[in-house]
Amino acid sequence: MKNFNRRAFLKAAGATTAGLVTSGLILPASAQPQKMPPKPSNGKSVMGLISPKLSTVRVGFIGVGQRGYGHVKHFCHLEGVEIKAICDTDPAVLDRAIDFVVEQGLAKPNAYTGSEHTYRDMLQRDDIDIAIISTPWQWHAPMAIDTMENDKHAFVEVPLAMSVEECWQIVDTAERTQKNCMMMENVNYGRDELMVLNMVRQGVFGELIHGEAAYIHELRWQMKELESKTGSWRTHWHTKRNGNLYPTHGLGPVSQYMNINRGDRFDYLTSMSSPALGRALYAKREFPADHERNQLNYINGDMSTSLIKTVKGRTIMVQHDTTTPRPYSRHNLIQGTNGVFAGFPNRIALEQSPFERDEKGGESFHRWDMDMTRWYDKYDHPLWQQMGKEAERNGGHGGMDFLMLWRMVYCLRNAEPLDQDVYDGAAWSVVNILSEESVNNRSNSVTFPDFTRGAWKTGKPLGIVGA
């Protein structure tokens, strides 16, 4: 080649590459597909896993301070279960849980306390089938992995894990051990969420195109929990990350509406965070100037907003805000070609409505229908029709907690697949990590790992089941 100027060529090539990146013809590194780790040598998919039937589900609890104590109460009222052991590092809450079990006329569970790793002693018992894990977030993944390694099913509070690596470790362990690992997303068992799932399955909204999910819940008051309870550890996550810290409550139901991991999956997301102002202002107002809460650097944006694109092209907005003064909301919005359902407050607008078309005619989608009575009558989920009164009587966020636990036990006792599997927990939880990565990279898109390793293409959609 004559008259080749290497410096000029490299300069021109660099400019061309930059132009291709900004034009979208070449993806930035953050949007490149993530390398899928190899399948474990002795593992296989747990999609639709059916475990051997358990006539009695023998339970061990790890963590009974707040959520875990509520689970203990519910398990005392479930048929076909035995509470064998309870573990907590706090002797006071451990004794409280054991005393409650005994007060119900049930056998006294064995107690485990001591170090943060004492739970491993409990997991070595051969008379426990499942472990219920309700501990601070950073313990969820290691405890779930240890549970499965000890030949037990793991049921974990949200979120499932706090890193992409932990998500893969949990998936790999589940596939190798062939044990269930379910992240206990209770909101999927709410009456409204179950009704909407039933409506989606019946085609009421047409083809789905968009969803909106959120966890908007003012929790600044937890900053006053200094020595124990949720605020003693959750507050510090606002100083460590800047993204969606808690995505699953809103995202879980919307994912099931859209058959995520069962015919569609998350492809990539982009995220933005607002300024982080509210917690520092609250600390300044509520605590002395030299208080430890005023020495923290709160970096997590008060409002986190993510947009997810699925492989089928659908979009999902996911928000997180536990700081600003505003009413509670999970959004719970699902939009289809025939109309929309939105929550908080519940309302429906359809182009072809089974009610408005007959009564008034014309286009009913220009006005919200906020009277849910007839919608419940027509579309209440069979589970809620059969178990709703018992769920409400036992309580737990309007009955969703009890119904979730009841359904878990039912599936284990009847050799049926669980409603949520390890792939769901990983996909919903990893938004936490990916949103932070996007925020830190000027909101560039970040690709979701395919935790199913392609099994989402043939996964069976969650059915409408009864009791």
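Indices start at 1 and increase along the chain as displayed.
Glycine too: its Cβ is placed from the backbone N, Cα and C atoms.
Feature list (source: Swiss-Prot):
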SIGNAL    1-31  signal peptide
BINDING   Gln66, Arg67, Asp88, Trp137, Gln138, Trp139, His140, Glu157, Val158, Asn186, Tyr246  NAD(+) binding site
BINDING   Tyr215, Arg234, Tyr246, Pro247, Thr248, His249, Tyr328  substrate binding site
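The shortest Cα-Cα distance from Val158 (NAD(+) binding site) to any of the binding-site residues (Tyr215, Arg234, Pro247, Tyr328) is found for Pro247.
Across the residues annotated as binding NAD(+) (Gln66, Arg67, Asp88, Trp137, Gln138, Trp139, His140, Glu157, Val158, Asn186, Tyr246), the widest Cα-Cα separation comes to 24 Å. Other C-beta atoms found within 10 angstroms of the C-beta of His140 (NAD(+) binding site) number 26, with every protein chain shown included.
Most other Cβ atoms within 10 A: among the binding-site residues Tyr246, Tyr328, that distinction falls to Tyr246.
Taking the Cα atom of each, Asp88 (NAD(+) binding site) and Tyr328 (substrate binding site) are about 31 angstrom apart. Taking the C-alpha atom of Gln138 (NAD(+) binding site) as reference, the shortest distance to any of the binding-site residues Tyr215, Arg234, Pro247, Tyr328 belongs to Arg234.
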